[in-house]
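All remarks here apply to the structure that follows.
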């Protein structure tokens, strides 16, 4: 019986040895204390060796497991440390970037502030300059207006002086170029007097002091001949000749029509020309118009003789006379348009 019992126990021990370490029972679980005491030395030794080996194996496994866990923890710790370092570096870099951006923004804001302040100062200076320029421009306009007025006055004075200086001169219009080669201009003037005013031609007191054509140079493109200016010795002779010319109306030289008129300055001549259309209309209405010295228009209206120095005064007067306004409406309107076109041409130039 005992041998069977030990045989069963031996088979049980062998079975336990074949079990995995994690499924083996500890010696205290396999045997009771009284059973251990009943073991023989050989079985006990085997039991102790097996138990030791089991414990050793478990310890090794535990040690390996702990080492693996330790290694995993170390690896995770290293990863965490690296991640922490990288995060810290990123934070530091971001901090540096943010700080740099803040500095740049502050610098930009300062620059913008300085620029705005500079622009504000420049605008103030520009406004002052513009104000000064406007004042100067206004002063220049006023000065130019005064100068223009002075120029007009000087032109009038010069025109009057020229008219005064040329009082003894008679201007002959329509004498062909080259006709003076035979007798000279003085001889042609004597021929004009003999052909048109026989009584005056015999007057020995009428003397020609000087005779010339104007302008001095002959323009080949000019369609009309240059005028002949005859300077007499006295104004009385000039007035006598012009009076006879007005009475005769048609003056000729060798059968060709010519004109005799007083010799005025170019400005006075232009002023006299500007009255011609108006005088023609008034002549057709039997208003007896006359262009007086130096450039005044005179005519009869409602039994009274009216004299005007300028067209503006004539327009003001016509506005109060409906009948006269009806007569001169077209010619005054055309004159206004003509002066407007002349003004536009001067502005374009």
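Quick reminder: no glycine exception, Cβ is built from N, Cα and C everywhere.
Curation does not apply to TrEMBL; its annotations are automatic.
Lifted from TrEMBL, the feature list:
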- 1-39: region 'Disordered' (REGION)
- 1-10: compositional bias 'Basic residues' (COMPBIAS)
- 30-39: compositional bias 'Acidic residues' (COMPBIAS)
- 66-171: coiled coil (COILED)
- 168-263: domain 'L1 transposable element RRM' (DOMAIN)
- 267-330: domain 'L1 transposable element dsRBD-like' (DOMAIN)
Message: Just to be sure I understand, if DSSP states are collapsed into helix, strand and coil, how many residues of the domain 'L1 transposable element RRM' (168-263) fall in each?
response: 35 helix, 28 strand, 33 coil
- line: Averaging the pLDDT values of the coiled coil (66-171) gives 85
Task: On the DSSP side of things, how many residues of the domain 'L1 transposable element dsRBD-like' (267-330) fall into helix, strand and coil, could you say?
output: 33 helix, 14 strand, 17 coil
